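Participant: As annotated in TrEMBL:
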type     : residues : note
COMPBIAS : 1-15     : compositional bias 'Low complexity'
COMPBIAS : 96-107   : compositional bias 'Acidic residues'
COMPBIAS : 115-131  : compositional bias 'Polar residues'
DOMAIN   : 21-99    : domain 'Sm'
REGION   : 1-24     : region 'Disordered'
REGION   : 96-137   : region 'Disordered'
Amino acid sequence: MAGDSTTGSNDSTSSIESRKASREKLERWLNKSMRIKMTDGRTLVGTFVCTDCDCNIIMGSCEEYLKPPDSEPREDPRILGLAMVPGKHIVSIEIDDTSTAEEEECDGTAKNESRNSVVHTPVSEQSTSLESGADVV
């Protein structure tokens with residue numbers, strides 16, 4: 001029985017450490033450029049401002065592309081400004097971490113990694129607490 005209480009304590013400690021690591025990662029992404037691909041095929045490009053417990057994301061200086069931004073012929077984006085992206089409509093997120101890589105190079109700790117990192121993919125793991133009519137505002 002004594003072993004069971006120790007295991008419970010270890011689980012809560014690892015859970016706290018995991019939350020702390022996740023929070024630190026989100027804090028590093030603040031004010032970074034972000035590209036979000038949505039379930040309806042749209043792509044949103046903007047600056048990461050914040051998120052919530054339902055995985056919704058707020059982006060600043062947001063632009064909407066109906067086709068991928070790097071496709072030819074290039075289309076003009078629709079300017080959204082500040083936008084809330086429902087988490088249940090997110091397929092993937094890419095963070096432009098060029099400034100993070102440059103900071104690491106200055107510290108001498110840079111690794112040979114891609115400048116863009118996909119940080120979120122599965123839609124099935126998203127919270128479904130939003131109503132089905134929710135969309136980008």
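Along the chain as shown, the residues are counted starting at 1.
Each residue, glycine too, has its Cβ placed from N, Cα and C.
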Participant: Considering every residue in the domain 'Sm' (21-99), what is the mean pLDDT value?
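Facilitator: Value for the domain 'Sm' (21-99), mean pLDDT as a whole number: 91.
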Participant: For the domain 'Sm' (21-99), what are the DSSP-based totals of helix, strand and coil residues?
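Facilitator: Secondary-structure breakdown of the domain 'Sm' (21-99): 14 helix, 39 strand, 26 coil.
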